[in-house]
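Structure first, then comments.
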Amino acid sequence: MGSRVSFPPPDVLNASAANGTDAANGTATRFVSTPEGTALAYGSLVLMALLPIFFGALRSVSCAKSKNSSDMPETITSRDAARFPIIASCTLFGLYLFFKIFSQEYINLLLSMYFFVLGILALSHTMSPLMNRAFPTNLPNRQYQLLFTQGSGEAKEEIVNYEFDTKDLVCLCISTVVGIWYVLKKHWVANNLFGLAFALNGVELLHLNNVSTGCILLGGLFIYDVFWVMVFPQDLLEKGLEANNFAMLGLGDIVIPGIFIALLLRFDVSLRKDSRTYFYTSFLAYIFGLGLTIFVMHTFKHAQPALLYLVPACIGFPVVVALVKGELTDMFR
């Protein structure tokens, strides 16, 4: 992991990790992906970036309208947005120090278990709407409640009060199977399932309070990338599911622009018009920025920080549309 997340060029990835060493002379051999494999990897990464943004934005509208306190989103204020790059940088530096001081094996185990738990919860929440549709109507759907309190009598205070049903338990069981697969094999498919779940939940549940906050957040992250990555192998056609030569895209490059795009969708809804002009404009701007990242990376054969291209596109295109429509003041309110 590292603070830089990007699309590594197909011919500059770690050769020993991809192909091991040459049996004849003991030197590392370099894997060169085929054009088909490269196109498949890049296309799949773009698709995996677009899906959580699109569906997360749609789910964020329903989440914002929810009257259930347990489903209320976390609102990011301007102060939170300004602090985010600093806090994230300190977190990365702290992880760096931990890796220097403590044994890497123990830290990897600790992080694996941490993301195992979070990944199961995120994947369960992501699967919930699908399970509501697919769950057989003839099976009983029992209701449960997990309640922890402290104190007694009038001084009793709720610590945890979580309600769930049989459908949620099925989602949890399926997610646990994926989690065990992730812990035991660290397979890229399991990694990406968790990555998609994290990204979709982030777009759905992290809400910006206004466009100004979104600009502060994106501006602060203009020269910064977070360490989570989503990967797709460039040698999938040659090695199948055992492929290990990856192109990468950071979850921060999905979630951060994604919550801004979701805000613009809610802005479209607030205008009470039939069109979704700002949502589709920002969504297409994201595709443009991602495509530009791949183009520059492929042209210069050097990894690129995606937010360097995504931030100007995601902010600039909707602002231009708002200027043309005379709604810039409404947008920043």
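Cβ atoms are placed via backbone N, Cα and C, with glycine included.
Annotated transmembrane segment per TrEMBL: 39-61, 81-99, 105-123, 190-208, 215-234, 246-265, 277-300, 306-324, in sequence order.
For the transmembrane segment (277-300), the partner stretch with the most Cβ pairs below 8 Å, chosen from 39-61, 81-99, 105-123, 190-208, is 39-61.
For the transmembrane segment (105-123), same-chain residues at least 6 beyond its ends with a Cβ under 8 Å from one of its own Cβ atoms are 98-99, 171-172, 174-176, 178-179, 182-183, 186, 193-194, 197-198, 201.
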